[in-house]
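Heads up, the thing below is written out as structure tokens.
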Amino acid sequence: MGIRRLVSVITRPIINKVNSSGQYSRVLATREDQDKASPKYMNNDKIAKKPYTYRLFSILGILSICSLLLISLLKPFNGADAPQCESIYMFPSYARIDGFDERYTPLAHKYHLYLYREQSVDREPLNGDELQLDGIPVLFIPGNAGSFRQCRSIASACSNIYFDSNTRATLRNENVRNLDFFTADFNEDFTAFHGETMLDQAEYLNDAIKYILSLYERTPDYPHPKPQSVIIVGHSMGGIVSRVMLTLKNHVPGSISTILTLSSPHAASPVTFDGDILKLYKNTNEYWRKQLSQNDSFFSKNISLVSITGGILDTTLPADYASVEDLVSLENGFTSFTTTIPDVWTPIDHLAIVWCKQLREVLARLLLESIDASKPEKVKPLNQRLQIARKLLLSGFEDYSWMNSKLNYPQENLQEFSDNFFSDYATLEMNDVLDFEMFNLEKWHNNYTKINIPSNISSTEHLHFTLLTSLDMPMIYFCTESRVNLSCITAVDSILTVPRSSKDTQFAADSSFGEAKNPFKAVSVGKNILQKYDYLMISKPTYGEFSEQEGMEDNQGFLLALLRNVSNVQIVNTTPSQILLFGEQLHLDGKDIEQVISFSNLWDSLLSYKLETKIEASNEGIASEETLFQPFIRQWVYEPFESKWHLNIINKSLDINMHNVAPFIPLNESEPRSLQLSFFIPPGMSLEAKMTINWSLTLKMLFIRYRLALASFPVAFIALVLSYQFYWYNKTSEFPSFDSTLGYILRKHGILMFFTLFLASPVVNNKLVQRILYLLDPVGLNYPFLLSERNMHANFYYLGIRDWFMSTIGILFGVMTVGLLALVSKIFGSLEILVIFLQRKLSKKNTEDKEAFDTIEHKAYGKGRLMASVLLLLLVFFHIPYQMAFVISLVIQIATCIRVALLKLSNNEQKLNLLNYNMTLLLLLLFVSAINIPIIIVFLHNVAIKWETSFRSHHNILAVAPIIFLVGNNSIFKMPNSVPLDTWDGKVTIILFVYLTVFSFIYGIRNLYWIHHLVNIICAWLLFFETIH
């Protein structure tokens, strides 16, 4: 049963009950009856035909919305995407720094500064009235609606590691010192919604840093050179605030050189409700790019920016937004995912990223190993800091991780060995597997195994060495041999930690930090490094080394090594459309320990896949035997540095989702973007796998990336309907209802409209088209061609899609928008009927039907309404944001619609015109209010915390005055008169609504705030139109 029919079945008895008296039947015609209300109307334009197409699209749209909501809420994340954070505890204490008052910052009444101390571990924060500071200053910046207490987890871990002599001994830092964690209390400000709030925080924190450094200057017994800089740790929008700080006039030069951000949206603003936020992003990014482009600037030589994101579990902020690729080069920072970080290996949600046990241990070590108490800067040089960050935050398989590896620089790191050091060795030929196992050690009679690296073959293009072991520290030597001496480098710093994959592990985090099961170790070296050496020496492990491994069952210890000159990379050129139609069959033999499948055409973050794996039929018997390890997969992309680990994959269905090429996110188009799957397979085992599209996960992730479309798409459709309504109104003097007009559009132009929604994505992805769109962009804040010298490019238009295959999303969103608008419209219609019914029940008598209309119709704006409007504008000018006045206008428009519905008219056609006009305008204002409400939330929050300073932004009375006066006109039942279509007045009205439609579709998602201004301009025209006619 269609929605319209369902509403009719519910409401018809009420209408019949009211109409039973007879005398009011001519008065109570509603929009539900408009198909029968005016024969003349039907004969003129036939717009009110039964909209079966509209019903179909409405039902499909509502079903799509429900399905998407159910999938988003109910579908769990599985396997590598499942949350595995462990619980933590700490004993926090906070000392409020009251000395940082109005003498140092004008924002002291609004914000506060605290010093964190871990109870029973740290030094007491106060000695009488004086702060006790003996460490290195770190400033924690909370995010949107964040608390200063969120610093406690990382600060606690830093204190526990440093003040425990055993754990402090494991730090690779001779000049380590305890950390003094300062944290800012912003009273849970909504930073993401309001640019002025972000500026306030940045200004306050610059003053706070200046004050913090002065505290150390006044500390007489500080044991080291006085600090001249502060380490920054920012969560969410706090990371953006930290970047803004360096652009302000009150920034102390050199006071910030190390920034670590957690789930911070560097690449793009997560919301576009406020123009100030977008301008702040633009100005800050341009400042950073300019500074970093100068090789001799402080930024280039000192600033490090490391961004960490929780990946797929961050449903508050799309993980794609955490990329810093367009801001800093790899010499100054990078982006990593928590699924990539060794000993963490789990996705983390937006809030948990500040307290997750596994991650906080790594972050604490990163901070403690990056500092240098002997220097005033209190941090190591830039290249050393990034080397530490790469070691701790990347998997180690990335080429970027090898930048500072000792193996990469043999001339500087080779050590001389005596000729007889490796005297007891056996030689292993290339392509033969070295297989040390706990139960077969006796068959290996030599202490070392030598693997010669070929140098005289015609091509070593595919030369690679792979080692995988359960040992904690395998001994591997990369050696060069000359006539004079033997020189080698131990591969200690190149041994990588990978998750343990066995029958008793399900998730990568099962062998992460603090777990009973030890992870595996691996070495993966390519030709570029191997060609610098003559041979490898691998030490034979002892039985004791195997047996001492925690979580190791009998006979499970192993060490596998293999040198091959055969490519272990299989390139698959299958496209998403081919996977959709046929799937992709994969075959992996057991000839190599690590085999890589590179999907050259799979790079779109919007698509998720499902991978089903099984043992090849020819060797299924292996499944019942004890293998050295269970096959596992490292899923990865080149940049950003995201890796995921899928364990124990036999007979499993794996979810494959990546953060790669994403909507609206800048990327370097010269870098490879292929999805990579590295299979680690025991010798002799062959696997079969099939890849298909995972539609449920794809749809689940759509909502996270396109939440802003919930405002822009409905506004575009409503504006399109209004343009048609005014067209028919000017043509026939009949203003059709929203439902009938949308139904007419779908019936007459639905195929063209949805084809346009599909075709728009590949069209706006064209660079020539983007240049034209940028020239036509009235906002001008989103330049697609960011850094041409680095091939950095972004698609800010429409849905930001770069692949034609996902262009169908436009059609899906179009259908969902029709369903949403139909649902809202029917709710309004039902409320209208209910109001009429209640009015008839409560009213005792009805008089002067026509006279009442005539009196109101000729009524002037009135002094009372004029004074109320002027008073509201004065409030906007002096105190409240104009968004608040907009919502007040929305409430007045709702009241107007109710009053129009209750009118008793002899001329039913006039009432329908007035009702349809006001109802459609109400729909428009309702969805625009979704854009304005976040600013109101910020304003009310400031009122709640009794912040006395006025709301310094959004006091432009011109941004809301036309809306206020138009709604005031509507409240006295005025509406624009119909004019001939061939006049400029009629054309301008239609052109304005068409432009709003196009803008909302093409520019709307990334410029939501501008939609309000366009609606305001249209209201100004309608107000002028009503006045002159």
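Cβ coordinates come from backbone N, Cα and C, glycine included.
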Statement: According to Swiss-Prot, of the residues N694, N730, the one annotated as N-linked glycosylation site is N694
Field: Among ranges 57-77, 771-791, whichever one Swiss-Prot labels transmembrane segment
entry: 57-77
Field: Residue carrying N-linked glycosylation site as stated in Swiss-Prot, selected out of N295, N573
entry: N295
Field: In Swiss-Prot, the member of N918, N969 to which N-linked glycosylation site is assigned
entry: N918
Message: Taking the Cα of N295 (N-linked glycosylation site) as the centre, which of the glycosylation sites listed as N302, N447, N651, N668 lie within 10 Å of it?
response: none
Residue from S236, N485, N918 whose C-alpha is spatially nearest that of N694 (N-linked glycosylation site), among the recorded positions: S236
Message: At a Cβ cut-off of 8 Å, and with pairs 6 or more apart in sequence only, do we get at least 3 pairs between the transmembrane segment (957-977) and the transmembrane segment (872-892), yes or no?
response: yes
- prompt: Ranking 57-77, 804-824, 920-940, 985-1005 by Cβ pairs under 8 Å to the transmembrane segment (708-728), which is first?
  reply: 985-1005
Task: Select one residue from S236, N565, N651: among these recorded positions, choose the one with the most other Cβ atoms within 10 Å of its Cβ.
output: S236
Field: Contact ranking winner - 57-77, 920-940, 985-1005 against the transmembrane segment (804-824), Cβ under 8 Å
entry: 57-77
- line: Cβ-Cβ distance under 8 Å, sequence separation of 6 or more, same chain as N302 (N-linked glycosylation site); the residues meeting this, in order, are G254, S257, E377, L382
Task: Take the C-alpha atoms of N447 (N-linked glycosylation site) and N485 (N-linked glycosylation site) and report the distance between them in angstrom, rounded.
output: 21
Statement: Long-range Cβ list for N668 (N-linked glycosylation site), cut-off under 8 Å, min separation 6+ in sequence, same chain only, gives E325, D326, E639, R790, N791, M792
Query: Can you check what DSSP calls N668 (N-linked glycosylation site), collapsed to helix, strand or coil?
result: strand
